[in-house]
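A.B. asks: Okay, these came from TrEMBL:
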type	residues	note
ACT_SITE	HIS29	active site, proton acceptor
ACT_SITE	ASP210	active site, proton donor
DOMAIN	1-298	domain 'PKS/mFAS DH'
REGION	1-118	region 'N-terminal hotdog fold'
REGION	147-298	region 'C-terminal hotdog fold'
REGION	303-325	region 'Disordered'
Amino acid sequence: MTVLPLPSVLASLRCRVALTCDDPVLRDHHVHGVRIMPGVTFLDMLWRILAARGVEVGAIELRRCVFRAPASVDRARGRELLFEIGEGRDGGQVIVRGRAQVAGDHASASALASALEAEPREHFVADLASVAPLDPHAREQIGPRGPVVEAHELDQLYAMSRGLGTVHGPFMRGLGSLREHADGLHAALELGDEAAGHVDDFFLHPALLDCATLLPSIYFARTAGTVAEPVIPVHIAAVRGFRRPRGRRCHVWVPRASCRVISSELSTADLYLLDEDGELLASLLGLSFKRVRERQLITRLEPDATPLEPSPAPAPAALDRKRVV
């Protein structure tokens, strides 16, 4: 396989990003009471870094993306992320490491010392490859072909997510509807007013990316016969970002044939995000999810976090009477 060279502007690139508890992405995304940045936000950050360096985002494919550890903050500790791009098997590799930053005197010295023991953490790693433009006929294969089987509201998915311990505030909550077709899932998404006011701050708003991952992950939990534990993205085989949306709305397509239950712990799916005109915004192929069976895996990230009690999860039958994966 021929490996194309990466643009020279990416050679040995280092970029720092500061996270605080007041950042609306973390402020409005809590897992078991801990402010956690959705892993797919790393994709948007990297796309913005590429665009800022004058690189055509659609010409770079992220491969073998691994989400190693969540990036979390609380009122005592912010987090500084360091993006480093170097050589890799397909041309380049990006590694994102994070270090806790003292944000105030809200926590005891012992709590701060405990949080700093394992620093810095490696949060995300992916290979970068220069690729040819997307085949213009590829778009024709994306989207529903079969009839609508049943329609749902996204509120049902967020209610189930809350019952599993993940709370989405207004900035990180997508609005819209979900339709199950015979050949897959189609969601029409829209940002709320506050999030829409910041749409130009992102390449692809984290609320849209995060909401897209809810579709197969929530269905996996239900289909596996339990809603007792959440699932989180842990790996993506290949990711491409193509363009920014031209507003607050987008569509998500999840082909049913791509949804597979690998084991009681893992499931995979493909996601396609499109704008209102049907133009491809991004593709996440081979997105793998893993169950989080131990709440302590999350809560130990920020020992001083104030727990939020989730609402009870709705019964699976209330969400959908048909199995998707």
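Each residue, glycine too, has its Cβ placed from N, Cα and C.
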A.B. asks: So if I draw a 10 Å sphere around the Cβ of HIS29 (active site, proton acceptor), how many other Cβ atoms end up inside it?
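C.D. replies: Total other Cβ atoms inside 10 Å, all chains included: 24.
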A.B. asks: Quick one: give me the count of other CB atoms within 10 A of the CB of ASP210 (active site, proton donor).
C.D. replies: 23
A.B. asks: Please report the Cα separation of the residue listed as 'active site, proton acceptor' and ASP210 (active site, proton donor) in Å, rounded to an integer.
C.D. replies: 10
A.B. asks: Could you tell me how many residues in the region 'N-terminal hotdog fold' (1-118) are helical, how many are strand and how many are coil under DSSP?
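C.D. replies: For that range the per-state counts are 30 helix, 45 strand, 43 coil.
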A.B. asks: Tell me whether ASP210 (active site, proton donor) sits in a helix, a strand or coil according to DSSP.
C.D. replies: helix
